[in-house]
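Participant: Below you'll find the structure I mean.
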Amino acid sequence: MNQVGTDAKSLKQVRMLFGNQQFLLLLVWFAMVAFFTAFNSIFFSMAVFGNILLDWAPVVLIALGQTFVIISGGIDLSVGSTVGLSGVVAAFQMQHMMTNGDNQWLAIAVGTLVAALVGIAVGLVNGFLITKTKVVPFIATLVTMGAAAGLAIVYSGGAPVGGGPDKAIELSVPWFGPFSTPGLIVVGIVIICGLFLHLARFGRYTYAIGSNEFAARTAGINVNRHYLKVYALSGLLAGLAGMFFYCRLGSGAPTSGYGGELDAIAAVVIGGAALTGGIGRISGTVLGALILTTTTSGLIIIGVAPDWKQVVVAILIAAAVLLQGNKNGSRGGSK
Amino acid sequence: MSAPLYEVRNVSKKYGSVVALDGADFQINAGEIVGLVGDNGAGKSTLVKILSGAHKPTSGEIFLDGVSQGWDSPRDAIEAGVETLYQDSGLAPHLTVSANVFLGREKYVAGPFGKLGFLDNKAMHKEAHKDLERVGIAVPESNRSVSQLSGGQRQAVAIGRAVSWASKVIILDEPTNHLGARQAGEVLQVMKAARAKGLGVVFISHTLPHVLDVSDRIVVLRLGKIVANAPTSEFDAEKLLGTITGLNTL
Ligand SMILES: Nc1ncnc2c1ncn2[C@@H]1O[C@H](COP(=O)(O)OP(=O)(O)O)[C@@H](O)[C@H]1O
Ligand SMILES: [Mg+2]
């Protein structure tokens, strides 16, 4: 207990020194890289970074959507299941097109579209439940989490759905430093999300609703429509993550997104967002996801059982939450 | 006599089995300050939310400039020129002062990015500062987040926001709560300035001397019913208190 207290204090001092939470996250990540490299120099290689980025891309995709959701004051537990469901549905579509002898690239494009649409559909169901039936986001998305996971298993028979375009796997090969084509697309999506969250009306309304829903409503914002959009976006990004896994595995596995919602929430919280809404940044989420996936790879490479990842993640979340408590405390106290 | 600027006729509001408002008639004219008073739970805030479009009345009619209105959302009332300062602060604490002032009516950058909803924060900072100043309110820096402001500063921003956007009616639900004497005095001046501009002002307060000072007319609510509606000259502090508590009737 005491240990945690002093750690939080020194963390706070570090933060005050640098001012910026994202900078602190970057330092944490550098420290992790240095730590893992010190234990096993193999860690510091293009191959390992390429692997980390392959893990990072789908996590950050669904964490981006989760960032908007959490800033709006909600939560989306359905994204992990949506990844599996959209991957399976897209896989069947691409399999069908391959047996018809269609062009491989066309099949990939249509598959991506199908995955995106499946994700948006789940997101709209979430938004509908939350705005029309007034179910709290936690319960609404818990319901769709179960439903989507069940559908994915039933639809696929529980096994990965293959027989699609071979070019999909080739896409996952890194060619731009550690980045593959889908990885570069994810980077593009990160940038677009950052612009819309921090510089555009869409983000402004997301913060406003999470900060004070009544204020947003009485300022004339169509709050329900915005919730629909936010959950649809979260679903869309989960759908794209499903397609990302397809390209990586060469098949649509119903369990490919298993636990993804927890990784996403962890990334967002480590990135500095508050589950109470109104606070969070894309840069924080990006780094949070990077720290998360670096932990997994690093532990494997230094020969520690990957199960320890959960412990490390728990510590990181606790540190992030402590840091946030300090921030709010010092804010209130300085007045 | 012409129709009042803003009017509700025979409005009632039930929250489940609670009758918060029971057949109330209420009018406000251009260039008039109406004091709306009543004990806690009398239904003042409920009437405010009906006037502002935040709640739909269970029954009754609403008229603006003599035209029947059925507000579907606060946006409708806002667009018609009715601005409201709610009792439970209507600001988003995580946003800056200027983001709050412009919430729901943001300014966009020129060109295609503006069409995509990209915000012109610089212009909003500048204008928010000017708007608040024009209203006559001590302005905190408009690029600070509202959570960093004191209660009085927040209230000032909320009032400034409402006054600078109102074109017909402005409704202030307990605007002087949590304010010091000097700041409260500023708010009363702001209301008088709004009246001089020709706005209809609805002023809700528990501070009876304030109400007697600035109001042209006073309306008293008790247990959801209007029990008095008369020019301020017909009241003194004692009589007003008696009407509110039900010890005497007008
Ligand atoms: N959202 C609500 N749900 C249920 N009851 C409410 C709600 N808002 C107000 N009331 C009830 O309606 C009555 C009038 O409340 P209100 O209009 O806030 O009074 P005032 O502003 O005059 O103090 C009170 O009995 C209050 O408890
Ligand atoms: Mg009230």
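The backbone N, Cα and C atoms fix where each Cβ goes, glycine too.
The transmembrane segment feature in TrEMBL is assigned to A:23-49, A:105-128, A:135-155, A:175-197, A:227-246, A:258-275, A:282-302.
Buried or exposed, and what's around them? Tell me for each listed feature.
Facilitator: Sequence-distant neighbours of the transmembrane segment (A:23-49) (same chain, 6+ residues past either end, Cβ-Cβ under 8 Å): 11, 14-15, 174, 177-178, 270-272, 284, 287-288, 290-291, 294-295, 297-298, 301-303, 316, 323.
Proximity of distant same-chain residues to the transmembrane segment (A:175-197), defined by a Cβ-Cβ separation under 8 Å and at least 6 residues beyond the stretch ends, is recorded for 46, 49-50, 52-54, 57, 60-61, 64, 67-68, 71, 203, 206, 237, 240, 243-244, 247-248, 281-283, 286.
Away from its own ends, the transmembrane segment (A:258-275) comes close to residues 21-22, 25, 58-60, 62-63, 65-67, 70-71, 75-81, 83-84, 145, 238, 241, 281, 283-289, 291-292, 313, 316-317, 320-321, 323-324 of its chain (Cβ-Cβ under 8 Å, at least six residues beyond either end).
If you look at the transmembrane segment (A:282-302), the same-chain residues 6 or more away from its ends with a CB under 8 A from one of its CBs are 21-22, 25-26, 28-29, 32-33, 35-36, 39-40, 42-43, 48, 51-52, 55-56, 59-60, 63-64, 66-67, 190, 193-194, 197-198, 263-264, 266-273, 308-309, 312-313, 316, 320.
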Participant: Who are the chain neighbours of the transmembrane segment (A:227-246) in space, where the CB to CB distance is under 8 Å and they lie at least 6 residues beyond its ends?
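Facilitator: Distant Cβ neighbours of the transmembrane segment (A:227-246) are 57-58, 61-62, 64-66, 68-69, 72, 74, 76, 78-80, 82-88, 90-91, 94, 111-112, 115-124, 126-128, 130-131, 141, 164, 168, 182, 186, 189, 202, 206, 209, 252-253, 256-257, 260.
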